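The feature domain 'Plant heme peroxidase family profile' is assigned by TrEMBL to 1-76. According to TrEMBL, the heme b binding site annotation covers 27. Residues annotated as Ca(2+) binding site in TrEMBL: 28, 72. Marked as disulfide bond by TrEMBL: 34-59.
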């Protein structure tokens, strides 16, 4: 869901943009660069293997530092 849709959904519930920011603050929104989480998807032993495999499809062991991938395992 894009930002205008989120704002609209919050407005329909009687909430404003400030509410959106406050309530969304603890959640991942958007994408992360591979360089940020590469070590985790290749080396962590306590990661969901399906999530790791999905991220590895976008983030190879080397290179592609600026490739983007969703860092939240659940779709919006």
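Here the Cβ of each residue, glycine as well, is placed from N, Cα and C on the backbone.
The structure, with features from TrEMBL marked on it.
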residue	record	Cβ within 10 Å
34	disulfide bond	21
59	disulfide bond	24
72	Ca(2+) binding site	13
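Confidence in the domain 'Plant heme peroxidase family profile' (1-76), given as mean pLDDT, stands at 86. Counting residues of the domain 'Plant heme peroxidase family profile' (1-76) by DSSP class, helix then strand then coil, yields 36 helix, 6 strand, 34 coil. Taking only the Cα positions, the spacing between residue 59 (disulfide bond) and residue 72 (Ca(2+) binding site) is 15 angstrom.
With respect to their backbone Cα atoms, residue 34 (disulfide bond) and residue 72 (Ca(2+) binding site) stand 13 Å from each other.
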